[in-house]
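What TrEMBL records for B:Thr11 is active site, O-isoaspartyl threonine intermediate. The substrate binding site annotation in TrEMBL covers B:Ser53, B:Thr82, B:Asp83. Residues or ranges marked as domain 'L-asparaginase N-terminal' in TrEMBL: B:2-155.
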4 protein chains.
Amino acid sequence: MRIRVITAGGTIDKVYFDDASTFNVGDPQVGPLFKEANVTFDYVVESVMQKDSLHMTDEDRALIRARVAAAPENLILITHGTDTMTATAAHLTGLPGKVIVFTGSMVPARFRQTDAFFNLGCAVGALQVLPPGVYIAMNGRVFPATEVKKNRAESRFEPKA
Amino acid sequence: MRIRVITAGGTIDKVYFDDASTFNVGDPQVGPLFKEANVTFDYVVESVMQKDSLHMTDEDRALIRARVAAAPENLILITHGTDTMTATAAHLTGLPGKVIVFTGSMVPARFRQTDAFFNLGCAVGALQVLPPGVYIAMNGRVFPATEVKKNRAESRFEPKA
Amino acid sequence: MRIRVITAGGTIDKVYFDDASTFNVGDPQVGPLFKEANVTFDYVVESVMQKDSLHMTDEDRALIRARVAAAPENLILITHGTDTMTATAAHLTGLPGKVIVFTGSMVPARFRQTDAFFNLGCAVGALQVLPPGVYIAMNGRVFPATEVKKNRAESRFEPKA
Amino acid sequence: MRIRVITAGGTIDKVYFDDASTFNVGDPQVGPLFKEANVTFDYVVESVMQKDSLHMTDEDRALIRARVAAAPENLILITHGTDTMTATAAHLTGLPGKVIVFTGSMVPARFRQTDAFFNLGCAVGALQVLPPGVYIAMNGRVFPATEVKKNRAESRFEPKA
């Protein structure tokens with residue numbers, strides 16, 4: 001079992017910069033989190049961009065699609081900001097054989113209390129079992145990407161009405 | 001989606017007791033961890049025992065089987081000590097319709113660095129996607145319970161040779 | 001032994017805000033941190049403002065001085081943003097009998113890795129031993145407030161040249 | 001300012017051990033904790049033993065005294081198990097010029113919630129301000145070592161009646 005992790009930024013990778021008193025997207029956290037969890041599958045981490053997903057463009061999404069299409073692996077985990085996760089997912093349909101699971105977090109992985117570890121685990125658990133397609137794993141649920149939306153006020157993902 | 005979590009103790013729930021300078025099994029951590037991860041599925045936590053799994057008996061295993069069989073839910077997550085997780089799993093075959101996933105951790109959930117959140121996420125991600133059967137989710141892998149063993153020296157689960 | 005903690009905001013109390021959010025300094029963390037440390041002295045926490053210290057004005061500083069002067073306690077701990085900590089400290093001279101120690105942190109207290117607990121401990125340890133005056137406890141050092149400056153590039157406090 | 005840290009083991013340095021393991025006190029945590037706090041004073045860490053303090057002998061205490069007496073530094077921080085901290089402190093009287101502060105923790109430093117960082121900070125804050133003597137810094141209080149005892153039932157240090 002081998003997974004390609006494509007990282008696009010988002011809250012999960014945010015760090016705090018004291019010198020500007022603000023948060024920005026830092027290095028991908030998925031590698032350190034996998035080490036802490038002592039995972040035994042093979043994986044490679046490919047950092048494609050480090051963006052707050054509110055700032056992602058169609059060009060960014062085309063780039064992510066190109067990287068997924070070019071991947072030798074069929075199991076693709078994408079860490080991504082939550083605000084436009086479904087928009088990027090919509091750009092990844094029609095890639096035969098690929099199992100693509102998006103995840104991210106509402107609280108940065110560097111916080112003492114965070115959903116990052118759990119979400120990443122949930123995405124990995126589903127990724128190795130699901131048939132090809134595009135999915136979002138958030139709040140402990142695994143959704144087909146077309147069936148889910150972010151409820152911003154409640155800070156969670158929900159089925160579309 | 002509704003999950004029954006049956007907790008049997010194990011490292012994941014260990015606490016430190018200063019007055020005896022030792023570790024013991026404390027209250028189940030799965031509830032607080034689910035809250036921290038802000039999960040949106042329904043679940044109920046049923047604490048069946050609080051044991052280091054080295055001390056579990058066949059009676060304990062019969063009790064766990066009875067609780068799983070009696071559960072109205074089909075999705076069953078069992079948190080359990082790692083040392084005899086496969087032995088307990090072997091007692092749970094032949095329960096039609098039940099998807100049963102075991103998980104636990106090598107480091108207590110209360111530690112600053114721990115595999116507990118990730119493992120729990122991995123188990124939940126797999127549980128909702130797998131067909132009925134008995135599985136073990138550890139080290140980021142989801143195994144049919146009959147196909148895996150703990151490598152104690154390396155502190156990880158591996159496929160049987 | 002009784003301490004009054006006056007909180008003015010700063011990085012120590014920062015919460016995560018995403019790009020679409022407007023607030024950033026959250027509730028004072030000193031109370032929860034004291035509870036976690038199981039302190040046995042008496043204390044009261046008085047939240048005077050919740051500001052990034054770059055945005056503090058002379059009116060804010062006059063208010064802090066007034067609150068310190070009005071305090072029935074002689075031991076005063078002030079949690080404060082690091083950028084203008086020395087400026088506020090300069091407003092607090094000439095309050096007879098008061099031992100005043102400022103501290104804060106470079107990384108928010110809510111992070112998994114943070115200097116907040118240590119700094120707070122250092123300030124409390126010094127506060128109960130020092131003679132009246134105004135001090136800054138940062139980076140494990142306790143300085144008379146007039147003898148120290150923040151080195152922003154290095155994210156630390158240093159003696160003035 | 002230069003501190004010698006003498007480490008003797010205790011809960012602060014405890015690692016997780018399962019029921020089949022034999023060791024329990026791990027490597028001294030003071031170095032990693034100082035790095036995380038970004039301290040700017042000079043220090044050297046000397047690991048003298050790694051013991052649960054219930055198992056310390058008079059020979060152990062004589063060794064600690066010898067190491068303190070031999071230290072070129074006057075500022076001595078000792079991390080030590082809490083159960084016999086006062087007994088060891090009683091062996092360290094009569095060392096002219098030395099400021100000696102003991103600390104430790106009720107919860108291991110490796111836990112997500114712990115008093116270790118705060119206690120270490122408190123000890124460092126007091127150490128640099130106190131006159132020569134032997135002290136214990138626990139629960140946010142700094143006591144002359146002869147004036148304090150551990151209340152085991154309440155897991156805290158208190159003034160002697």
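Just so you know, glycine gets a Cβ as well, placed from its N, Cα and C.
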Inter-residue Cα distance where the pair is B:Thr11 (active site, O-isoaspartyl threonine intermediate) and B:Ser53 (substrate binding site), in Å: 9
For the domain 'L-asparaginase N-terminal' (B:2-155), the mean pLDDT of the predicted model: 96
Between B:Thr11 (active site, O-isoaspartyl threonine intermediate) and B:Thr82 (substrate binding site): CA-CA distance (Å): 8
Pairwise Cα distance for the residue listed as 'active site, O-isoaspartyl threonine intermediate'/B:Asp83 (substrate binding site) [Å, integer]: 10
Pairwise Cα distance maximum in Å, substrate-binding residues per record: B:Ser53, B:Thr82, B:Asp83: 7
Recorded positions satisfying Cβ distance under 8 Å to any chain C Cβ, from B:Thr11, B:Ser53, B:Thr82: none
Cβ neighbours within the same chain of B:Asp83 (substrate binding site) - under 8 Å, at least six residues apart: B:Asp52, B:Ser53, B:Leu54, B:Lys150, B:Arg152
Densest Cβ neighbourhood among B:Thr11, B:Ser53 (recorded positions), 10 Å radius: B:Thr11
Secondary structure of B:Thr82 (substrate binding site) (DSSP, helix/strand/coil): coil
